[in-house]
Amino acid sequence: MKALIYKFCYFFRRDIAIWLSYRVQLVLGFLSGFVGIIQFGLIGKFIAGGNYFPMIEKYGGDVLAYFITGTVFMSYTNLALSTFKASIQREQSMGTLEYLLLSETPFWELFTFNFLSSFMFTSINIIIMFFALVWLFSVHITPNIFATFVVLIVTMFPLSGIGLLSAAMVVVTKRGDPIGWIYSTTAGIFSGIYFPVEILPTWIRPVSYFLPTTFGMDLSRKTLIKGYTLTQIKDGLLILIVMGILLLPLGIIVFQTNLRKAQKEGTLVWY
């Protein structure tokens, strides 16, 4: 029994040492809990108004439809932010990242194929879940499927740029991703995913206008719940296209720079 206790203490000390060695991940974990409390407080403030929700009247006023579409869109947001990072971490953990870079298949092809595969599987799951929830709770929607699909595709470009920035950070830090964490946390509060942007204090509300998820979420709800056409949402689509033109090349450049730096320093195989 005493030997078992000693073994447990050894493994516990080892896990603590590993945990403390990833300081970025440690700090982000604590901050996530704090931000989660703020989010739930704002959600509570939103639903405290009763059965009438004037802030979401532009989306039909149905709070269930509002929450369901928010959950669906957040799944795609997480996909764009995490797929590239997860690919890097998986190859790092298996020690195959450097070999992949030396293979005949360009690295961008591997990234693209992995993203498209994840997008397809996520879409299948989300479509089934979405219409099951709509049917189960008798939520009234008049979706424009084509317009919604266009919105999702256009939104993926700026979000993929941010996802590549996250992957670039993981190449350096190995664990812990401040860029992805900062964006997903900020989007959760400022993008109107779980509660309307209008519920935020006026002085801090402009932050939402710099986030692709704010416009993607707004357009997705309008096309999925209210059946808006592409002509009706052309201004929002244009903003997303401009964001994509800026963020996607930036993500590619930073990722390639960090990858070359890690190759030069010989840290690609570290994990």
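Glycine is treated like the rest: Cβ placed from N, Cα and C.
For 20-43, 63-84, 119-139, 145-172, 179-197, 236-255, the entry in TrEMBL reads transmembrane segment. Taken from TrEMBL, the feature domain 'ABC transmembrane type-2' applies to 24-258.
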Inset, instruction - May I ask which of the stretches 63-84, 119-139, 145-172, 236-255 has the most CB pairs under 8 A with the transmembrane segment (179-197)? - result: 63-84
Legend entry - Beyond the flanks of the transmembrane segment (63-84) by 6 or more, those residues with Cβ under 8 Å of it: 47, 53, 56, 111, 114-115, 118-119, 122, 126, 129-130, 133-134, 137, 139-141, 152, 155-156, 159-160, 162-164, 166-167, 180, 183-184, 187-188, 192-194, 213, 216-217, 220-221, 224-225, 255
Inset, instruction - Mind checking which residues of the chain, 6+ beyond the ends of the transmembrane segment (119-139), have their Cβ under 8 Å from one of its Cβ atoms? - result: 62, 64-65, 68, 72, 75-76, 79, 156
